[in-house]
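Q: Mind having a look at this structure? Questions to follow.
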Amino acid sequence: MNTAMTTGALRLRRVPGKYLPVVVTGCLLVAMFATGGIRYEGFATGQVILNVFIDNAFLLVVAVGMTFVILTGGIDLSVGSVVALSTMIAASLMEGPGWPPYLVVPLVLAVGSGLGLVMGYIVHAFDIQPFIVTLAGMFLARGLCYTIGTDSIPITDPTFTVFAQTRIDLFADLWISPSVLLAVAVVVVAAYVLHYTRFGRTVYATGGNEQSALLMGLPVGRTKIAVYTISGFCSALGGVLLSFYMLSGYGLHAVGMELDAIAAVVIGGTLLTGGSGFLLGTVLGVLVLGLIQTIISFEGTLSSWWTKIFIGMLLFVFIVLQRLFSARSRR
Amino acid sequence: MKRLVWPAGVLLLLLALNVVFTPSFLSIQVRDGHLYGSLIDILRFGAPLILVAIGMTLVIATGGIDLSVGSVVAIAGALACLQISLDAGLITAIALALGLCLLLGAWNGLLVAAVGIQPIIATLILMVAGRGLAQLITGGQIITVNDPAYKMIGGGYWLTVPSGIVIVAVVLVVTAFLTRRLALGMLIESVGGNAEASRLAGIRSRGILVMVYAFAALCAGVAGLMISSNVSSADGNNAGLWIELDAILAVVIGGTSLAGGRFSLAGTVLGALIIQTLTTTIYSIGVPPETTLLFKALVVTAVCLVQSRSFREKVFGGRKRAAAPAVPAATDRTERETAGLPGPQDGVRP
């Protein structure tokens, strides 16, 4: 056919439609970095990029979990609270009864996954909207934080402090924290699961069209429960990373982090209706958010609220761009 | 009306619980020409939430959702207080604040109706940017004003009744009249049911969508004036924080489906009152305030579970209930709900 020939001829020059949002986000990231490099002295160094990773490792992990949920067409509002709850449980158990970290960390991860499992089960079994269920989960986790304690609890455990202060030296004076390694490992594992396993395909199929997935005999219910469990696990792991970063547990940690995670996923080109998007996009989205903060701190004169306004404007631009692309690809 | 049974039951249960712990709970007195009593307090402190929830109901009825109302609450309070502190006059201040809210609401509506963005993301933009905007207006400070006339909006009394209650009653009556006595409510529901079909049937669905989002923002703006007037100050960071979540909860508890196509104003008011009564109950029965959110999560989960048809069938084994007359509408609703959070965007696309 004629059209087939044209697309064949254009294939070399044109990026396939589904990668386009990720490519746009990547270009934006490069443009932002270049602008920063031109405007500010000492900006265009590798360490600035690595610092973005170091400061946002926990957000990266949380956003990975959020990507799974959003790919199925759901949403998880509880992540910020679960992060806070994790820091709180870890801090209180280690400081109060003096539990060792190798007991506390698995427990925290189990609590997070358990919360996710319960929310996923309610979403699937009782047909209640994910928005409402995870909202209740958000209240529950935040409430549990305040029940444990209303004050910030410092973490003095030697293992945690070592983890927080270790620098892993790379080449040429560049360094990262162990949290970054963990976050990158999570991203790699998650990308493998999403793109190379049967479960990953089911996640995309469920988000693309739940009815069709069901009629094809795919385990939709199990998948939905699993993605919320994964999101819970990632939030708990994010919480552990945050307690490395902050060295404290506090009920007011990570307030509004669910918005950052959702924004990162959306900027990364994942559709909130589900079924389309890549983990790489989410990574780029987190980097864009981190780079905005870096640029604003380099600028010096801009107040912190400009961060929010910039993120809002970026969200707007990206969503409109996505809208245009999806309209074109459907034609 | 059958749908109102569960929320009304929960509200009565909460009130009964209060009466058990404080026998004088239901008494209302007139002191210094003002109405006093726990019930009045619930209405008074719940007024902003009820207002926001009324606007949210109409948005949700069109199959949308508005996450930006909390930010709009902060913006309205910030702009009004800024203008008053600049001696701009009360009327100018209020007009400017509400005008800006209408504009922001119309922006949301245009993104949803004309650009065709999912409502949850379209309003997420303003939710994030709006907080920044509110802080920009206040300059990151808390603006304090001292204007007795402004104080009247949220903290005063009109004819012995707290002014917040009067404002809410007026808005509620006007909204109920517009949507239930005129055809507007039907049009909104039809847009929520199927935006494309209602467009083909000759309904200007885009206009309706823009109007509904503008109305929600206006309600949020009035609520913002009330909140800032009650404390005589504007806090861009914390005013109206999480009120959008409470409002959505109120709407859902009131029996309006997030899938759209149907709404119940009475249910929403009940839902908002449940949330406010819950807060009061926590203080009156002596639950430590730290566990407020915990308690709220449990009640919300319970209310939502009880309202879920599949939960009732599984737990109470209500086979007969499944064959009840509401079946065609109910199956239709479940189908759409299982598809996640739908927006009207598919239908509105040019």
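Cβ coordinates come from backbone N, Cα and C, glycine included.
Taken from TrEMBL, the feature transmembrane segment applies to A:20-40, A:52-71, A:77-94, A:101-122, A:128-149, A:170-194, A:225-247, A:259-292, A:304-325.
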Q: Could you pull out which residues elsewhere in the chain have a CB under 8 Å from any CB of the transmembrane segment (A:259-292), counting only those six or more residues past its ends?
A: 18-22, 24-26, 28-29, 32-33, 36, 49, 52-53, 55-56, 59-60, 62-64, 66-67, 70-75, 79-80, 187, 190-191, 194, 204-209, 307, 310-311, 314-315, 318-319, 322, 326
Q: Which of A:101-122, A:128-149, A:170-194, A:304-325 shares the most C-beta pairs under 8 angstroms with the transmembrane segment (A:52-71)?
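A: By Cβ pairs under 8 Å, A:170-194 leads among A:101-122, A:128-149, A:170-194, A:304-325.
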Q: Between the transmembrane segment (A:225-247) and the stretches A:20-40, A:77-94, A:101-122, A:128-149, A:304-325, work out which stretch tops the count of Cβ pairs under 8 Å.
A: A:101-122
Q: May I ask which of the stretches A:77-94, A:101-122, A:170-194, A:304-325 has the most CB pairs under 8 A with the transmembrane segment (A:20-40)?
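A: Answer, by Cβ pair count: A:304-325.
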